[in-house]
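Undergrad: Reproduced below are the annotations present in TrEMBL:
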type	residues	note
COMPBIAS	591-606	compositional bias 'Basic and acidic residues'
REGION	584-606	region 'Disordered'
TRANSMEM	6-26	transmembrane segment
TRANSMEM	42-65	transmembrane segment
TRANSMEM	85-107	transmembrane segment
TRANSMEM	128-149	transmembrane segment
TRANSMEM	161-181	transmembrane segment
TRANSMEM	188-207	transmembrane segment
TRANSMEM	240-257	transmembrane segment
TRANSMEM	278-303	transmembrane segment
TRANSMEM	384-406	transmembrane segment
TRANSMEM	412-434	transmembrane segment
TRANSMEM	441-463	transmembrane segment
TRANSMEM	536-558	transmembrane segment
Amino acid sequence: MNSGWLAWECIVFAVFICGSSCLPLWSRKKDAAAAGSAKRAYIFAGGGVSVLSMMLSVARGTLGVRSFLGFPSELVYFGSSMWETLYGMILAFPVVCLVFIPVYFRLHTNSVYQYLEMRFGSKSVRRLAAATFLLRQVLNLAVTVYTPTVALHAVLGLPHWASAAALTVVTVVFNLLGGLAAAIRADVIQTLTMVIVSGAFIMQATIKSGGPAQVLQDNIDGGRMKFFNFTWDPTVRVDTFSAIIGQLFMSVSIYGCQQTFVQRYCSMSSEAKVRRILFSNVPAVSVLFSLSWVVGMALYSLYRYCDPLMSGKISAPDEVLPFYVQDQFAFLPGMLGLFLGSIFNGALSFLVSNINSLSTVTWEDFVSSAPAFRDITDKQQLTAIKIIGIIYSIIIMIMSLFVRFVNGVVEANMLVTSATSGALLGVFLLATLFPMANGKGALCGMIVSHVMTIWMAMGRLLYVNTKVDMLPLSVETCPNATAQALNPRHMAVVVNETLSRYAPVFEAIDSSHTAKKAVSDNILFDSLMKFYSISYMWYAVIGTLVCVLCGVIVGYLTNQESDKFDERLLHPLVARMARKFPGKSHTLTTPDRERTSEENEASDKTCDTIVEDQRTQTGLAGNKIYYIDSIEPMKTRL
């Protein structure tokens with residue numbers, strides 16, 4: 001690539017980044033006016049976001065930038081197994097609508113983890129859940145920041161640290177000037193750009209490969225299109241069963257228990273709109289999720305007999321898409337710059353919206369309770385939240401430099417998400433569906449769940465060979481295939497003559513030992529290795545079940561009169577059934593009754609209106625009474 005051509009691509013890249021970053025910030029003053037305060041506009045988007053924009057933002061937040069770069073390389077080198085995680089994703093939307101939305105939408109909390117303190121009367125449960133979310137998002141965002149650095153390194157040769165630093169600087173500026181509404185508009189721009197660019201990739205590669213029928217046939221013949229593969233083996237990286245069940249638990253944890261999405265739900269004007277958005281996301285996520293896999297199908301067909309990784313043209317599987325753009329779109333000036341800008345902007349919009357959630361949770365659940373920050377104004381609170389966001393941006397940039405040591409962006413993202421989803425989903429299920437659960441049980445369940453999943457993850461990383469074998473490819477048609485790819489040289493074997501001379505003596509000593517103890521040790525070791533070999537797709541399932549089981553048992557055994565809570569903090573159906581459950585009585589503070597017409601109409605009001613209507617409705621947590629929209633304890637008569 002000559003310098004003039006490269007300069008033109010850099011200009012297109014810079015113009016796209018500036019335009020896609022400045023346009024979302026255009027209406028930031030209008031957002032603040034609509035919300036009533038700058039802080040609420042920053043956190044909740046002021047309620048002025050359209051249904052279509054919110055739907056695209058939720059879909060984009062579901063996929064992240066990993067789908068654009070990671071999924072095509074996943075199909076080319078590992079096949080379509082991970083594609084089937086789509087089943088679990090689309091099943092999660094109705095589950096969230098039925099289980100969590102009826103509880104969340106009537107609450108007015110800046111942090112979703114505030115609900116856990118209202119339900120269990122325990123700051124420890126709230127902070128442990130918030131810390132779990134913070135850990136998961138920081139690790140996932142490190143993968144997000146790393147993703148565009150791969151493309152920029154492959155095409156322009158930029159060091160990973162330089163690309164990560166540039167992305168962090170733009171994120172900090174956007175974070176200081178914008179809020180959730182601006183992040184949502186950036187998501188919309190990025191989603192539309194991704195669809196257009198991916199469509200161009202598919203068309204070009206399909207034409208070069210000989211048409212859609214040829215692309216499909218090449219992928220079938222090459223073993224890339226294997227669906228409905230039920231192995232029933234929990235140690236398999238991913239099969240159809242783990243894709244359905246494992247991804248379902250992970251997705252419910254993300255959509256239903258994550259601050260990033262709950263903020264978006266509460267920015268809508270009615271519960272009915274939230275339901276419409278979630279159900280509308282089923283086809284939207286299906287199309288957007290599958291689009292990147294179709295790109296991978298086209299790339300495999302194009303490079304089936306001239307793999308750029310085997311031929312030494314790229315150094316990592318995740319670089320196959322940037323190589324394709326550079327290799328096949330030289331005839332179209334600006335396409336490479338648009339591709340790089342789309343990846344960079346995708347990481348930027350995803351990072352900005354999540355930094356918003358990270359700083360909000362950190363402020364609401366940890367920092368705001370410090371004596372130095374009590375009774376400060378909304379403007380000062382907003383300043384503190386933005387400073388926290390800057391700190392997170394720097395931490396994420398540093399951590400992104402270590403992502404390259406994991407087997408690809410898809411692998412890294414799935415491992416982090418699954419390992420942290422179990423405890424988080426489990427404690428929210430305890431809060432919404434199990435009246436017998438209390439603060440002690442919830443805290444015990446989360447701790448045991450975390451210990452279990454961390455033990456499994458560390459054992460897998462330390463003792464199990466997690467490297468996944470790539471599916472076969474070829475370089476037989478490459479014009480400049482390297483001799484090393486075609487004729488790999490074998491390392492010379494050096495024999496230690498001294499050890500070989502005394503080998504019979506060592507064998508005789510070894511045979512003199514009894515085999516019984518060795519067999520016993522091997523059985524224990526093999527069992528432990530099988531336990532460590534369980535696929536990370538099952539971590540969320542195991543963690544959730546462990547958390548719920550421990551929480552229910554401990555809650556049932558330690559249930560006391562002080563564990564009272566408002567039945568409105570339960571799922572409405574569970575609240576009606578709670579008094580009929582056998583066993584110990586479950587003390588609820590609101591009697592069973594049919595909802596009035598005014599309460600039925602409340603679900604169609606805005607979050608702000610609901611708060612005003614419910615300011616007199618209080619919930620008991622321990623011996624303190626809380627307003628539904630405030631977690632600060634209020635003095636009242638018990």
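Using N, Cα and C of the backbone, Cβ positions are placed for all residues, glycine too.
Where the annotation comes from TrEMBL, it is an automatic prediction and has not been curated.
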Undergrad: With Cβ distances under 8 Å as the criterion, find the stretch in 85-107, 128-149, 240-257, 278-303, 412-434 that has the most pairs with the transmembrane segment (161-181).
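TA: Checked against 85-107, 128-149, 240-257, 278-303, 412-434; highest Cβ contact count belongs to 128-149.
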Undergrad: Using Cβ distances below 8 Å and needing 3 or more such pairs, separated by at least 6 in sequence, tell me whether the transmembrane segment (412-434) contacts the transmembrane segment (6-26).
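TA: Contact between the transmembrane segment (6-26) and the transmembrane segment (412-434): absent, because fewer than 3 Cβ pairs are under 8 Å.
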Undergrad: Considering only the recorded stretches 85-107, 188-207, 240-257, state which has the highest number of Cβ pairs under 8 Å to the transmembrane segment (278-303).
TA: 188-207
Undergrad: Sort out for me which stretch, of 6-26, 85-107, 188-207, has the most Cβ pairs below 8 angstroms to the transmembrane segment (240-257).
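TA: Going through each listed stretch, the top one turns out to be 85-107.
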